[in-house]
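Q: A single structure is presented below for examination.
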Amino acid sequence: MKWLVLLGLVALSECIVILPLRKMKTLRETLREKNLLNNFLEERAYRLSKRDSKITIHPLKNYLDMAYVGNITIGTPPQEFRVVFDTGSADLWVPSISCVSPACYTHKTFNLHNSSSFGQTHQPISISYGPGIIQGFLGSDTVRIGNLVSLKQSFGLSQEEYGFDGAPFDGVLGLAYPSISIKGIIPIFDNLWSQGAFSEPVFAFYLNTCKPEGSVVMFGGVDHRYYKGELNWIPVSQTRYWQISMNRISMNGNVTACSRGCQALLDTGTSMIHGPTRLITNIHKLMNARHQGSEYVVSCDAVKTLPPVIFNINGIDYPLPPQAYITKAQNFCLSIFHGGTETSSPETWILGGVFLRQYFSVFDRRNDRIGLAPAV
């Protein structure tokens, strides 16, 4: 019996496609180092209101904090791109060779004329990312993630990009539910599932805490070597984003936020934790953090004395130690908590990379659930 179990595990492991990810400096970090962050946010804010009734509008989130990227290829022969594998969006896009924006000059662009399998839909698109925006058109082609192949995959091609100068990625590969994708477009994960690319419609993230290398995204199964103990399964509360119900957030035994329960999005496309500004301010008061520009500065010695911030989800505590929620930037330290979700109803939190580095995460589309376990 033991041999049968072992053979089953080996067979399962052979079905898993594991793709390496690399932790990059976020655009926020790059701009901060050059003392350009506040100017950037002020200059780009107006772009949020840019709209055109003739094109498909697909609003997304702030892209400043995207940090983990991996490689995919598009076309025949394949052209390689560095993308963010993003559970907070559902669409795939990369820059087009016809892009006229300065940001495209520093990123790889897709040459549709060099791909024998390219098909064009002529549908214009516009995708908003907080203080950035891309505009372009839809195409279709063969997309490869490792040895996974999605045929006739629809994806966006940017012709104009605003606010993406210096971004550590060429494009974005969304892994959220089809309900938030551009109308009529089947996301790549759903295409792979329907084409029989894997037997189990799951993907999982291991985000390394120490080194730029070592992080992975895996498709079609779970490699148990990346976490400790058992996976705790949490039902998805709304099949749009990877959204779950959270019971409370506490520090030192006192509830500091989410006192009556709230919603949380697990988002690999941001490195931060975002919540309602009022509640984030209360958490910062407990840290003795001071507001500086668009961020909160914390004493670097605070990591020795501050308690963990505990997220209770489905009755289980998920502690986030101060070494995780306080980050060093040049000669000072910053909180990774940011406000801005108060427009959501009910109270909504976004748990990004700082949380997911502590907890290995499995996203199960067949059963609409998320599994969490302490990362190794």
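Cβ from N, Cα, C; glycine included.
Any TrEMBL annotation is an automated prediction that lacks curation.
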Q: Using the record from TrEMBL, pick out the residue from C258, C300 that is joined to C262 by a disulfide.
A: C258
Q: So, in TrEMBL, which cysteine from C210, C300 is disulfide-paired with C333?
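A: Recorded partner, per TrEMBL: C300.
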Q: Check TrEMBL and name the cysteine among C15, C99 that pairs with C104 in a disulfide.
A: C99
Q: What's the number of neighbouring CB atoms sitting within 10 A of the CB on C300 (disulfide bond)?
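A: There are 14 of them.
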Q: If one measures from the C-alpha of D267 (active site) to the C-alpha of C258 (disulfide bond), what distance in angstrom results, rounded to a whole number?
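A: D267 (active site) to C258 (disulfide bond), Cα-Cα distance: 18 Å.
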Q: Counting every protein chain present, what is the number of Cβ atoms, excluding its own, within 10 Å of the Cβ of D86 (active site)?
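A: There are 24 such Cβ atoms around D86 (active site).
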Q: Restricting to the domain 'Peptidase A1' (68-373), what is the model's mean pLDDT?
A: 92
Q: Between C99, C104, C333, which of the disulfide-bonded residues has the fewest other CB atoms within 10 angstroms in the structure shown?
A: C333
